[in-house]
Amino acid sequence: MKPLHYTASALALGLALMGNAQAVTTIPFWHSMEGELGKEVDSLAQRFNAENPDYKIVPTYKGNYEQNLSAGIAAFRTGNAPAILQVYEVGTATMMASKAIKPVYDVFKEAGIQFDESQFVPTVSGYYSDSKTGHLLSQPFNSSTPVLYYNKDAFKKAGLDPEQPPKTWQDLADYSAKLKASGIKCGYASGWQGWIQLENFSAWNGLPFASKNNGFDGTDAVLEFNKPEQVKHIAMLEEMNKKGDFSYVGRKDESTEKFYNGDCAMTTASSGSLANIREYAKFNYGVGMMPYDADAKDAPQNAIIGGASLWVMQGKDKETYTGVAKFLDFLAKPENAAEWHQKTGYLPITKAAYDLTREQGFYEKNPGADTATRQMLNKPPLPFTKGLRLGNMPQIRVIVDEELESVWTGKKTPQQALDTAVERGNQLLRRFEKSTKS
């Protein structure tokens with residue numbers, strides 16, 4: 001009979017080996033997807049975890065995009081950052097300039113996982129790539145463009161063709177007046193006013209938002225959205241607001257709820273709002289392209305993306321990064337990227353996901369579901385319509401919101417408000433430029 005202490009030692013060793021064999025690498029993933037979108041994020045994570053028992057993706061909703069970005073950077077400074085942080089597109093320059101990130105192409109390379117960067121739609125991947133090397137710094141995830149949602153039932157009641165949404169902003173103003181006259185509470189409201197009414201208005205109508213090709217060619221860019229075309233557009237919305245044909249309902253996505261609960265007959269909002277509209281709208285609705293300015297030469301041009309990408313944070317161990325690479329690879333697989341696109345309304349981020357969705361007949365069964373993609377690919381992007389890469393852009397958006405609100409409340413003229421927004425925004429750009437050179 002073996003001595004008892006040998007048996008106990010063997011038992012302890014066995015338990016330790018079992019523990020190691022069953023060890024699971026936990027990978028925190030902080031995001032800003034709520035409602036139906038949050039459910040889809042959870043579903044993707046659960047499926048990955050089931051297929052990869054050595055890893056556990058733990059998605060956590062950390063508030064809206066601004067709140068999540070702030071929480072992620074603050075957590076990095078205290079050594080408690082998540083492995084994956086979802087950051088909205090205007091936070092790209094900030095993340096690039098920070099020392100908090102590990103480029104995704106490095107993550108894949110070190111994990112020994114083949115990663116084809118060319119699989120992503122160029123208009124999307126170009127937004128998140130290093131302008132010097134061309135390599136992806138973050139992985140595209142929930143990319144979107146603004147679209148026009150409209151209530152077909154309300155259109156019929158107002159004597160409008162439910163299959164013909166307004167094509168121009170001038171048409172939209174006319175439609176909204178008719179909808180109001182028919183008894184609808186709100187003819188038109190807009191979500192994300194800075195992104196839609198200035199950033200995308202500029203690109204869609206072939207206008208620069210800032211110099212240096214919207215910042216892609218250097219941090220010394222200056223804002224240029226106070227030109228006559230943009231001022232005229234804001235003045236049109238101001239006039240609609242005075243008549244009650246445009247309702248300002250908030251800075252974020254508040255207009256989506258106003259739309260699906262039947263208060264507003266039309267809204268311009270993210271294509272990613274489709275999941276919630278599909279779930280909650282109790283009426284027939286349509287999806288149209290963003291209106292363009294009837295007076296703009298060669299409009300419409302191409303939409304620029306919104307949404308967010310996934311950034312990998314510094315300071316994690318090798319096993320965590322291997323799990324991160326596996327998860328990002330999982331998200332990019334055609335069947336997963338196509339499902340995310342189809343269920344949420346976000347763009348198909350890879351060519352294969354778009355092809356698979358088309359082959360499955362999804363667009364035929366769901367008219368309008370490809371609207372965001374068609375807008376993005378409407379024309380080859382001009383150097384100043386491929387996106388924005390401006391430092392401190394989240395803070396600049398706040399300034400734009402404040403100044404536009406001063407128009408809606410009658411405190412400033414459109415020219416005064418946009419001039420002030422440009423002046424205040426340029427101060428932030430110079431501050432960012434200085435910080436990148438120090």
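Yeah, the Cβs are placed from backbone N, Cα and C, and that goes for glycine too.
What Swiss-Prot records for this protein:
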type	residues	note
BINDING	Y65, E89, S144, S270, G307, Y346, R397	sn-glycerol 3-phosphate binding site
SIGNAL	1-23	signal peptide
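Other Cβ atoms within 10 Å of the Cβ of G307 (sn-glycerol 3-phosphate binding site) number 24 in total over all chains.
Cβ crowding, taken as the number of other Cβ atoms within 10 Å, peaks at Y346 among the binding-site residues Y65, Y346. Largest Cα-to-Cα span within the sn-glycerol 3-phosphate-binding set Y65, E89, S144, S270, G307, Y346, R397: 22 Å. Taking Cβ-Cβ distances under 8 Å and a sequence separation of 6 or more, the neighbours of R397 (sn-glycerol 3-phosphate binding site) in its chain are V90, G194, W195.
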